[in-house]
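Structure first, then comments.
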């Protein structure tokens, strides 16, 4: 009875703390504050609340740390709350949240840290907002997300790697946007994706290059796009089974269009402009084709397709529109002799396809370009231009000039574009960005200059573009970081210099980049980073150095980076790791990548200072036979130890026991002795003869033993690549 009275008292206390306009169900830990007049997130919601429904309020912005008082939330509904901004860190502290619904708000931009702290989130609903552009890295912290819903926004362009970090995402919904440009690597970071919805957009051609990155996708919806032709081998998706191209503008499909999608079973071509189809010989596994709503001409020209349907045993749905004698007849009811030709007419070829008319209201647009006034978007992509065109509408916000041959960007190249936010100049053979080239672009946030021939930059090139935050210089010809070039960019947040030929970082290279948060230097030839090279970047959070020539951890260069949370050193030839390698960033580091380096030995004290803040550690594909003790890595959620040749002797027994207690999967296997090679470290077989076998607790590891380097690792994680992590189960 005493316990019951205590429980009742606690329940009464919780009820008393329930915010006035809300209803609190303490038994189920649910709180509902529906359709009220709340202007801010209530701070008196019971701490143990698991489901919080705030639909129909008026928050305008979700401030940083808005839900720190409710750390046990698993479901949060913020639909129809007039939200315009998600401040950085808005959801920090919600490590248990699995469902977040932000549909039907007015969010226009996703910042990288807007979704920070949601490490367990599985479903994110952003349908019906005003999102025009997604900042790189916006989803980088959502490693558990399986469903992302971005329907009914204002997206016009998807840049490369925009979904980086979504390693377990299975369904991406991009329907009802205005997409008509997809970066070739837009979907490159989605290894687990199975379903992609791109229907109801403005794609004028099948984006084969971008889709080819989706090896595991089985379902693709491209319906309701103005696609007129599907070319030879246009779609290379190894696992695709269901393809929707209905309600498009298709007039022809090449015979081998789907030859590189061997698993395709269902093809939906309803409501197009197809008068016929060739035999789709390349689609050997096809079982059903839907052609309802097409103006099928059931003449002799359709016989090859009709015969192929019979031979391949493909079910076809559709009816003849002509000739009059066969109008309304279903395809499966036709006999070959009925399909006659009175006046043969060849099927349309791509060369004869009519050009899609421009949208209304595009009178102010350079010749050969397309301007979309509804979405403030201009495009002259791949028009063989030698000079940058002018006279774009003054309210243009996104300008796509990729794949031309400009060679230089002269001063004042973009007059009158004060509202321009995003400028794409990739693959334009640009060698020189002249001083004043960006003058007047006072609203410019994104500048994409990848795949050019730039080898140097001067600060004056960025004069007049003070808001520039994202600068992409990947795949150029830089042999060093352009020293002092960022002096006039006080708001620079993200700098991409990957796939260049940079050999070292020296003091002064990053002068002026005081607000830089993300620095991408992967796949260069960097051998040395001077101790003061990164000193100007006091708020740096992410440093990617993958695929360089570093022979040791640049410990001295990490001094003075108090906010660094992610460090990627993968694929550098670091064979030995000494004491206190990461001590300068031990208080902030959360994600550490040390995979595929050929590591042979790690000092028992290499991880000194690192502890509960570490959330993910990647050590796969190395050569060491043991790892340091990580017993204080209590916050670890991901540890990849695949392809590490552990020596499974008795000194590894504590590691084996610890692995067996984890709620995360670990890929650690024995490399020696020979008799246990290939066995999982967590299995007991190699350790049954060890002293202490059968005791309830794991042995303590003495770092002073002979094989001190072979120390038991604490928490581990496995997967075929560092992309696939496993989350801890949470209470």
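Each residue's number is its place along the chain shown, starting with 1.
Even glycines carry a Cβ here, placed using N, Cα and C.
Per TrEMBL, these features apply:
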SIGNAL    1-15  signal peptide
DOMAIN    17-51  domain 'LRRNT'
DOMAIN    294-342  domain 'LRRCT'
REGION    326-360  region 'Disordered'
COMPBIAS  329-341  compositional bias 'Basic and acidic residues'
DOMAIN    364-398  domain 'LRRNT'
DOMAIN    645-691  domain 'LRRCT'
REGION    693-731  region 'Disordered'
COMPBIAS  707-719  compositional bias 'Basic residues'
What parts of the chain pack near the compositional bias 'Basic and acidic residues' (329-341), using Cβ distances under 8 Å and only residues at least 6 beyond its ends?
291, 296, 298-303, 306-307, 309, 315-320
For the domain 'LRRNT' (17-51), distant same-chain residues with Cβ under 8 A (at least six beyond the ends):
11, 57-60, 62-63, 66-67, 69-76
Within-chain partners of the domain 'LRRNT' (364-398) [C-beta distance under 8 Å, separation at least 6 from its ends]:
132-133, 154, 156-157, 178, 180-181, 202, 358, 404-407, 409-410, 413-422, 424, 443
Integer mean pLDDT for the domain 'LRRNT' (17-51):
87
